[in-house]
Amino acid sequence: MDIENDIRNRRIIRNISNLLDDDILCDVIITIGDGEEIKAHKTILAAGSTYFKTMFTTPMIARDLVTRVNLQMFDKDAVKNIVQYLYNRHISSMNVIDVLKCADYLLIDDLVADCESYIKDYINHDTCIYMYHKLYEMVHIPIVKYIKRMLMSNIPTLITTDAFKKTVFEILFDIISTNDNVYLYREGYKVTILLKWLEYNHITEEQLLCILSCIDIQNLDKKSRLLLYSNKTINMYPSCIQFLLDNKQNRNIIPRQLCLACHDTNYNVCNPCILVYNINTMEYSVISTIPNHIINYASAIVDNEIIIAGGYNFNNPSLNKVYKINIENKIHVELPPMIKNRCRFSLAVIDDTIYAIGGQNGTNVERTIECYTLGDDKWKMLPDMPIALSSYGMCVLDQYIYIIGGRTQHIDYTSVHTVNSIDMEEDTNISNKVIRYDTVNNIWETLPNFWTGTINPGVVSHKDDIYVVCDIKDEKNVKTCIFRYNTNTYNGWELVTTTESRLSALHTILHDNTIMMLHCYESYMLQDTFNVYTREWNHMCHQHSNSYIMHNILPIY
C-alpha cells in the first residue's frame, strides 16, 4: 500500500509539473528580471505561499482572469527556483541568500527553513561578517540572529580582520547599539570598536553623532575618554565635539515639544493638520496639513519625522497609503504603501522599524500585523494577533508592543469622535484583553485581562510599568482612572488614582515622570498631568483661537 501511495504521489506531482511546462490553464503571470515572464497557477502558488494566498483572495484581484505579479526586485534565477519549489520540484542549485530573501518576502516558511539550515551548516567564524552583511536587514529570521550572536561573541578577534575593515556603517551601528544583555559591551570597548573602524572608513557627521549617542560618555574610563576626545575624525565635526561636551554630566531625555495631529473644526472635520506644541508655554503653531483629507489614520514619530498611515476619507472606506512629513522643512514624502488597508489602528515604533497592527479594513476588523523598516521598498507580514482588534490602546516597552482593549467588530464610518474612550451604552464588542507582541521572537503573549472593556485608552510605559488611562462610568458619573501593571511581577492591574472626567478623548503621553493628558475642547487647550511618584494631579487650561479635535500626540526630542 505504501508503494502504491508513493507511486500515486509521484504521478500527481508529475501531472502538476506538466501543467507548468505546457502553460496549461495558467492564470497568473510573474514578471522577473529583464522583463522575462513566468506563467503559473494561482492555486499552486497560494498553496505554498501565504503572500500569494493573501493576494489572490483579495476581492479585486480574485475577479481577474489573469493576474500579473511583479517580482523584478529579486534575482530572476531565485524567483525561477522558488516557482519550481512551489510545484514540488527539486532545486538542484541556488544562490541561497537570494532565494532566502525572496522566500521570506513571499512567506514560504518551509523554504525559508531549508535555506536557514543550509546557511547554518555553512557559517563559521571566518564567514559570519560576510553573511551578516548580506542578511542583517532580515533580523526577524532566526538564522540572522544566530549569525549576529556568532559575530558578537567573536568581535574581539574579528575587529582585526579585513572583513571588519570593510564593514558598512549599518553593521558597525548595529554592533555598538545592541541592547542584547548577553553581548552588551562595556562602554570603553565600544570606543575601541569605533576607533578601529574609523581607521579604515569614512563617516559623515550625522552617522558619527548616531554612533556616539550609543556610548555612555559619562561612564567612560579615563583612557577611553582621552582616545575618543583626541580622535582626528571626531574633531572634524563640531556637533560631535559639542555632544561630548554636553554629555559630561547625565541629562534626562524628555520631549522638548509635542507634535499634535488634529482636525480643525472651524473649517471642516476632514481638514487634518499638524501642530507643534510647547509643553511649558502651552503655545502651538500649525506646521502642515495631512494629505487627502483623511481621518482615523495612525501616526508616529521616527527620528523626529512624522509618519501618517492608513485612515479613510469619504471616497475610500480604508486606505493603505503612508506618508513621512519632515517637521523642519514640512516636506511630504510618500513611503511604500501597507499591504493591508487600515483605519482605527496604531503604529508602534521600535528603532527604525514601524509596526502597523490590526485596525478596520472595510467591514472587517484585522488580526494582521505588518512592519516596515525605513529605507526598505516594501512592508512585510508578521504573525497574526490572537484576536481581531481596532481602536485599542498601545505602547512600546523594550522589545514588546502592548495592546490593551479595543473593538472586536467594525463600526460605521463616521467623523472623528470627541469622546472615544467612554462606553456610555452596553457594548459586547469591546475587549478587555491585554496582549503583547515580542518583536525579537515574533510571538504573541496573553497577559492578565484589564478591569473592563475599553476603547482607545491612553497607554504609556514608565520604567517597568505600563499605565492605562481611561474613562469608566459608574452609577453616578464618569471618572478618569489610571491603572498600573508591573511587567516584572505579573500581578495584574492596580487602580492608582481617579479624577473627574473632562468627557473628551484622552490623548496621553509620558513627559519626564508625569503622565500628561491633552484635550482640545471648543476654544480651550486643557492640560492635565499626574506625577507617578508623588501621585499628584495638576490641571491647566489655556484659551486659543481655533477649535480642534485632537487625534494623537507624539514626542519631539
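In case you wondered, yes, glycine gets a Cβ from its N, Cα and C as well.
Over in Swiss-Prot, the protein carries these features:
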DOMAIN    26-95  domain 'BTB'
DOMAIN    133-223  domain 'BACK'
REPEAT    305-352  repeat 'Kelch 1'
REPEAT    353-399  repeat 'Kelch 2'
REPEAT    401-464  repeat 'Kelch 3'
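Per DSSP, the secondary structure of the repeat 'Kelch 2' (353-399) breaks down as 0 helix, 23 strand, 24 coil. Broken down by DSSP into helix, strand and coil, the domain 'BACK' (133-223) contains 60 helix, 0 strand, 31 coil. Predicted-model confidence for the domain 'BACK' (133-223) is 83, expressed as mean pLDDT. Per DSSP, the secondary structure of the domain 'BTB' (26-95) breaks down as 32 helix, 12 strand, 26 coil.
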